[in-house]
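> Pasting in a structure now, in structure tokens, and then I'll have a few things to ask.
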Amino acid sequence: MSLLAPPRPARESVRRPRTALRGSLAVVVLLALLVLLAFASLMWGARDIAPADVWAALVSPVTGGNDHGVVRNERVPRTLIGLVAGAALGAAGALMQGVTRNPIADPGLLGLNSGASLAVIVAIAGFHVTSVDGYVWFAFLGAGVAALIVYGAASMGWEGVTPVKLALVGAAVTATATSLITVVLLMDRNTLREFRFWQVGSLANRSLDALTSVLPFVAVGLLVALAAGRVLNALALGDDVARGLGQDVTRGRLLVVLAVVLLCGSAVSLVGPIAFVGLVVPHVARAVVGPDYRWIVALSMLIGPLLLLAADVIGRLVVAGELEAGLVVAFVGAPVLLALVRGSRSVAA
Amino acid sequence: MSALLVPDAERDTTPADVARAGLRTTRLRRRARTFATTLTLVVVAAAVAVTALMLGDYPLSATDVVRALVGLDDGPARIVVFDFRLPRVVLGILVGVAFGLAGALFQSVLRNTLASPDVIGVSQGASAGAVGALLLAGVTGFWVSVAAFAGGAAVGLLLYAVSWRGGMTGYRFVLSGIGVAYVCTSVVGYLLTRSDVQEAQAALLWMTGSVAQADWPLVTTLAVALAALVPLVVLVARGLDLLLLGDEQSAGLGLRPELTRAAVIALGVALACAATAAAGPVAFVALIAAPVARRLLGDGSLALVQSALVGVVLVTGADLVAQHLLPALLPVEFSVPVGVVTGAIGGPYLIWLMAAGRTCTS
């Protein structure tokens, strides 16, 4: 701090600590909730298992013990996958809304979900893959190719990458991919039979191997996301102002998009196209900590898994045959979104 | 004063004159471009429609078609044109107008390029209604359309209830709409995964959007709905133009911004519901029509007429491809629904427009 620096406006000096305080408090509360929810996810399901047995299954498992097997082979993988995919989707959503300056942007907007879906269709119809684990690399590849097309096409033309162009090209790629998917599904009944279950999104029947294979990508994506808060704060003021503040807008935007591709590509390949988490979570985070993207991204990483895992647990409890997490997320998340939107005083259209 | 001192010869070219002349040329050029664009769109739409009437198992020449249309032909050509081919073409035109207008209205009043009926829940509500009717109630035809209209309208009303708080802001409406859209998508996903795969395929076909089911009663119903709605669009268009200046400016000019916004949104919902009930949520038409029309004009205007025309060209053109070009290319016998082609043609076209365009006015 130079002595020549102008005195800070009083309002800002009051506000900063308050955001930090609220943010830190929220992080602590959310972490505690996540731990509780993760444990609940290990306990509850088609067969309820007592807390002591869950603990025993984790620290000193008995081979052949039926409950221990359920916990270790079924509930631990889906809980971990829920945590990782939720964090990835939440962070990706915050990044997308920041980089496109559009509050209705979700991680699927770059065409990632539809690219992944198309690749899964190819896997089912072309290569006769039927296990969910087998879809992982197809989905990841499809998401990556779609993002490449979207970013490439949006960066051509007169002004380079603008938020509007990103959004429109993303929608265009989604529409094209959806058309191709529909043709296949309408002609090939067997593919539809498999694909409709992948399409709704679920945490069940995934192995830990699938998780470990995409984990490095998620880790890199999350680190970039945490570092991107400053860039997003600058971008929120508009490209010109951001440039004036010394930000390299093009590079910043490219880096953020790369992180979205890593995060959302991993999440889609793990749990299917559940974009809604990425849409609603940043709004909740914004309602808690205000407009600072450094905090929004961080909180989104915690609220995302909370929502996804809660949806999965609820889906196991409400009906006998289990409801997929991707279906429940909308029923849990939409009322939250509506309440937030209704409560917000923002008048800006 | 100083102007009086300038010799006459030089007074002709004062800066003000130059500016005025420049403005006049710009205005003329802009008007010429608007006229040329509109005319081109009309000609293309007419050409596509006539081509669609010519092709089929009983090929007709363009003269045959025109003679049959104006009533100079009483032979088989008249039956082929009027009973078999015209309903489908007219349905395509009406659906194109409705989706094109609905998209343009939503996108301008909500100030969001992504805000089209397929994004803010109207299409998804209609889909949930129709798929529910198909899979749960087991009905077909007319009642599916009724259920679709009811579903879309219910979403529209719900969004009003949620986002109206002494007025309507675009931001609240769009976000609530997306939330509701995801709920409806989940309902559809649930129904699709819990039903017989053959029925699921039928539901998927409806959700793709098709004009193959066209007959005169259906076309007449949609035509009556549009005859009521389009004049209302013309009425609110001026208010919408003012609204784009911002709430305060438009209020200063005597407009009630919140009421205007609510009216425009209601019209958009009604148009989208009507078209979806008739043909299913034909993908992408509502989203792409206005951005394409505005880019073709390039003057930042509302471009409502041109958006409707782009919608018409897209739907009828896509149906032409779906009906006559694709079946020849596909390995198996399969009647392609138009909704597949609108996305497959519209998507790449929009990408090309974005990549090659020089100005961004959307």
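For all residues, glycine too, the Cβ spot is worked out from N, Cα and C.
Okay, these came from TrEMBL:
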type	residues	note
TRANSMEM	B:34-55	transmembrane segment
TRANSMEM	B:89-110	transmembrane segment
TRANSMEM	B:131-161	transmembrane segment
TRANSMEM	B:173-193	transmembrane segment
TRANSMEM	B:214-237	transmembrane segment
TRANSMEM	B:262-290	transmembrane segment
TRANSMEM	B:302-322	transmembrane segment
TRANSMEM	B:334-355	transmembrane segment
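What does the local environment look like for each feature on the list?
Sequence-remote contacts of a segment are chain residues at least 6 beyond its ends whose Cβ falls under 8 Å from one of its Cβ atoms, and for the transmembrane segment (B:89-110) they are 45, 49, 52-53, 116-117, 120, 170, 173-174, 211, 214, 218-219, 222-223, 226, 229-230, 233, 240, 243-244, 261, 264-265, 267-269, 271-272, 274-275, 278-279, 282, 285-291, 293, 302-304, 307-316, 319, 338.
Cβ atoms under 8 Å from those of the transmembrane segment (B:214-237) belong to residues 87-88, 90-92, 94-95, 97-98, 101, 105, 145, 260, 263-264, 267, 270-271, 274-275, 278, 302, 304 of the same chain, restricted to positions at least 6 beyond its ends.
Remote same-chain partners of the transmembrane segment (B:334-355), defined as residues 6 or more beyond its termini with a Cβ less than 8 Å from a stretch Cβ, comprise 92, 205, 207-212, 279-285, 288, 291-292, 295, 314-315, 317-319, 321-323, 326-327.
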> At an 8 Å Cβ cut-off, counting only pairs 6 or more apart in sequence, do the transmembrane segment (B:131-161) and the transmembrane segment (B:262-290) clear the bar of 3 or more pairs?
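Result for the transmembrane segment (B:131-161) with the transmembrane segment (B:262-290) is yes.
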